[in-house]
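Engineer: Below are the structure tokens for one structure; questions will follow.
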Amino acid sequence: IKTAPQQKPGEEYVEDVKDRKVDSSKISEVWLPNSNTAFRLLMSANLCSALMNNITDCDETYNYWEPLHHLLYGEGFQTWEYSPAYAIRSWAYIYMHSMFTWAHFGFLNSNKLLVFYFIRMIFGLICTLCQVQFYEGVALRFGNNVARILLTFMVLSTGMFISATAFLPSTFCMFGTYLFMGLWLQGKLNYAILTVAASAILGWPFSAALGVPLAFDVLVRRQKFWFFTKWCLVAIATMLVPCFALDSYFYGKPVIASLNILFYNVFTEHGPDIYGTEPLSYYLINGFLNFNVAFILALATIVIVPLVEVIIMQKLKGYKPPVLLISFSIAPMYIWILIFFTRPHKEERFLFPIYPLICLSASITLATIQKLYGFFKLHKYLNVQWIAVVVLTAYGCISLSRSFVLFNAYHGSMELYPKLHNIADRADTSEKIIHICMGKEWHRFPSSFFLPQNFTLDFIESEFRGQLPAKFQAPGVNGTRIEPRHFNDENLEEKSRYVSLDSCHFIIDLNHGEKSRFEPIYSEDKKHWQVIKEVDYLIASKSNSRFHRAFYIPFYFNDRNVFGKYQLLQSKTNLLKRKP
Ligand SMILES: *[C@@H]1O[C@H](CO)[C@@H](O)[C@H](O)[C@H]1NC(C)=O
């Protein structure tokens, strides 16, 4: 990192936040990686996410990967949300992703696992392209110092590791936030409006809230009423109409899925709260785990930035802080926080859409602290850059330590499946279906993309008493249009989902050392079951040190935590035929 040329105290960072449009020749005062370099750094991080991140949330499996699997291979699981009676998920969103795989079916004839990781890498690529737009916008408006802090926050973030390649509408909206903020900062208002519309229409309707400051900018500040209407109409014509057509086609009746999800969340009596409610601390802890110091800086933006600007304004005659720019940039994050921190039902993924803004706000705050420091020249020998170096180093270490835990502790559940492919190669699976059974671990199924041809997942009873997903009853649109039986929208158990243990050829289960009536330790039943592969898996409930469970410290991590075995068991009674 090169330091800025010697200047009068405070001047360089005052310079940095000025509206750049006027004089872009000054941009290169502090060294900044160019867009190509930024692209490479971000893409490397996102590829790590694509290959190493697990599926954090069973909603991702059953609401997105499974319906996609159904579209591509004619079978898969569905949740009640996909029942035409409720129709609160959009098939258009799923269909959009099936397009990435056309080449695989047209020419490549790849196996399913490859298709799965291919799609994840496409997510990584799209994410990177949106991030680069954002980066360019921030560099243009906020200057190089803020932009390079931002780049560091984005590349090393655990939050990005988790979210960048998830197959979730919240991730789609996060891409949207990167893109629309980037375009807005670059003054490309029409594309920014289209991007917000795409997030809301194709992804998640609530994400429109993030666009409120943009709408305010266009309608109130710039008074471009006709312009705004025109681009909204374009969005409706190019997105809402095809989306409506596709959803209606797949559901077999006219459906606007985004309206249904709005109604479900806002107007039904219980809404999503039956899936559990959490206190506010849930988001605070989660935000800290995913962004550590950056999260704290981001939350503090609204206090620190105005305070510092006022101080400087009083000391420096004629200094005008970029009030509008900063307010517009941080407003969407705070709007989102106001809306979502106060809902009782909380999930990690609900914050994905503001991950870009957390990084941006944190960068603005850090740069502002630098500015204050530089202004008062608090220390004779230390240049203002040391603050950023210290904060970013701490951030990087904590983030990497956290991402390491996520991989080390939890990747076991995805590692058993390749073994099934070996077995499938040797066994004669031509005539019958091979049944893989899961009980309490049903929510860690990484999707049917991990199962070989002719293998299928079934559920056996466990202590879980909620509603499990069910298989589509027919391939293609026949399956998506049928009103499936035995579904409710109150998360009540449906006994019809379970199969008997005798029908299982394999069981996948986590052995955490405890058993109960419906959750025996299958590997102890040596007469019926044989372990053919097992991998360590962290047992959170038994690992008492919250710190060592959350952050990886070499050596301590394995000592202080308790690991169970994620096991693949084969039946000794229900045998497979060998290939002739
Ligand atoms: C993936 O990791 C998360 C921790 O981030 C864990 O809660 C979850 O159960 C893991 N999922 C699988 C499929 O292992």
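Keep in mind that glycine also has a Cβ here, set from the backbone N, Cα and C atoms.
Annotation source TrEMBL lists transmembrane segment at 114-135, 147-180, 192-219, 231-251, 288-311, 323-342, 354-374, 386-410.
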Engineer: State the residues, same chain only, that lie 6 or more residues beyond the ends of the transmembrane segment (114-135) and have a CB under 8 A from a CB inside it; answer 'none' if no residue qualifies.
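Structural biologist: Sequence-distant neighbours of the transmembrane segment (114-135): 35, 38-39, 42-43, 46-47, 49-51, 65, 72, 97, 100-101, 104, 147, 150-151, 154, 160, 164-167, 171, 174-176, 178-179, 181-183, 185-186, 356, 360, 447, 449-450.
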Engineer: How about long-range neighbours of the transmembrane segment (147-180): same chain, 6 or more residues beyond its ends, C-beta under 8 Å?
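Structural biologist: Tertiary neighbours of the transmembrane segment (147-180) are 1, 30-33, 38, 41-42, 44-46, 48-50, 52-53, 55-57, 59-60, 64-65, 68, 93, 97, 119-121, 123-124, 126-127, 130-131, 133-135, 138-139, 192-193, 195-196, 198-199, 202-204, 207, 210-211, 214, 289-292, 294, 332, 348-360, 362-363, 366-367, 388, 392, 395-396, 399-400, 402-403, 406.
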Engineer: Which listed stretch (288-311, 323-342, 354-374, 386-410) has the most C-beta pairs under 8 A with the transmembrane segment (192-219)?
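Structural biologist: It is 323-342, which has the most Cβ pairs under 8 Å.
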Engineer: Of the listed stretches 323-342, 354-374, 386-410, which one has the most C-beta pairs under 8 A with the transmembrane segment (288-311)?
Structural biologist: 354-374
